[in-house]
Amino acid sequence: MVKMTLIARVTDGLPLAEGLDDGRDLPDSDMYKQQVKALFKNLSRGQNDASRMSVETGPYVFHYIIEGRVCYLTMCDRSYPKKLAFQYLEDLKNEFERVNGPNIETAARPYAFIKFDTFIQKTKKLYQDTRTQRNIAKLNDELYEVHQIMTRNVQEVLGVGEKLDQVSEMSSRLTSESRIYADKAKDLNRQALIRKWAPVAIVFGVVFLLFWVKNKLW
């Protein structure tokens, strides 16, 4: 059964549309939505090259399609046929491109195409029951194959992003520490110069003062 559906722009991870009633009766729905956001973040960084992938998470599987810089993602039960999940996404993709194609790149706010929820709900109902003649025919369609689509674990996929975040954080910390070290080095050099030349400056100052006083008296 289809549990959740989201559409986002790949270039920046901006959510464009979603099924509004998704996740209402789903335990830990917030956790899964956070995982989806993390997946979109990874995709915006170009960390997953596959245009089609399945990502296992607990008792569910995320399936997604990337096309035209847009990611179409759904979360289904593990028992739900992979073939139907991707055909469901194909239907969403075709309609979304037809209706919103020219405006996708210029969308500036989250869920700019929230009205697309109507089509999501209508299409989801068609795919919920895998035993209907329509869906059985789709499962038997030999022209649409999903065997080549990779399946990975969510921790494996998100772990890549976490490691890159750690590297980025470490790099920022090292840069900050290098700046602090450079500033301290400048201060130490300045203090060393003062200690080196201060006595000389004092001697010259005393000599100059004595010379000036002598001239005044004479």
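Each position is counted from 1, following the chain as shown.
Just so it is clear, glycine is given a Cβ too, placed from its N, Cα and C backbone atoms.
The topological domain 'Cytoplasmic' annotation in Swiss-Prot covers 1-192 and rests on sequence analysis.
The domain 'Longin' annotation in Swiss-Prot covers 6-120 and is backed by sequence analysis. A mean pLDDT of 90 is what the model gives for the domain 'Longin' (6-120).
According to Swiss-Prot, the feature domain 'v-SNARE coiled-coil homology' maps to 135-195, an assignment based on sequence analysis.
Swiss-Prot lists 193-213 with the feature transmembrane segment.
What Swiss-Prot lists as topological domain 'Vesicular' is 214-218.
Helix, strand and coil residue tallies for the domain 'Longin' (6-120), in that order: 45 helix, 30 strand, 40 coil [DSSP].
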